[in-house]
Amino acid sequence: MSEATTTLDGWYCLHDLRSIDWAAWKTLSSDERGQAVSEFLNVVEKWNDVAAAKKGSHAMYTVVGQKADIMLMILRPTMEELNEIETELNKTTLAEYMVPAYSYVSVVELSNYLPADEDPYQNPQILARLYPELPKANHICFYPMDKRRQGDDNWYMLPMEERKKMMYSHSKIGRQYAGKVRQVISGSVGFDDFEWGVTLFADDVLQFKKLIYEMRFDEVSARYGEFGTFFVGNILPDEKVEKFLHI
């Protein structure tokens, strides 16, 4: 049996994507919509307090296309906290005018290739990646993915050293986009329908296309990658939520 990779796990992650029922939203009076927006922003303010205390992080983006209208990415120390956040949001008035579009549950993950005598949880660089402060980049791209398990193209039957070598080559492409694209990898085996979630942040949305296209030619993606639905969006600052929901 091939050897399993040891992973380092950080904050739990929820991607919550929803569509707005604009027709129903329009039936509310201006005052009712205003109250609903204020209630939602009060919930977001709680998230801001958690982020300020460095006990979690979140991001809020509008989604381009018909797949959804809004994407929330929430990071917390426990799965219970993610559930509480989702439940609190579902109890708001605004949620009555939202339709669930997609969700993804995972945990921020890094592969542990450090020397056995080094404690990765004492390494500041690793801690910053396991418990990240999500950037306020202009754009987001999220997609789930698997490693292929078909015939001779079975990632999980490859020897550990071969997988390490290929992943090192794969990661070199990503490092070429340092400063242009910020990446958060989250593991989801046993949590959701795919094995990983990939979240990319960039101020220049075209960098998503360039990075992902270049990686397609790397063996890890070309031979072993299986990809789910892609979602791309634009940042939604707190101060622009009211404008976004204005009728």
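Using the three backbone atoms N, Cα and C, a Cβ is placed for every residue, glycine included.
Swiss-Prot lists Arg129, Tyr143, Pro144, Met145, Asp146, Lys147, His170, Gln183, Ser221 with the feature Fe-coproporphyrin III binding site. The Cβ of Asp146 (Fe-coproporphyrin III binding site) has 17 other Cβ atoms within 10 Å, all protein chains considered.
In the three-state DSSP scheme, Tyr143 (active site) is classed as strand. Counting only residues at least six positions away in the same chain, the Cβ atoms of Gly197, Val198, Phe227, Gly228, Thr229, Phe230, Phe231 sit under 8 Å from the Cβ of Tyr143 (active site). Residues annotated as active site in Swiss-Prot, with sequence analysis given as evidence: Tyr143.
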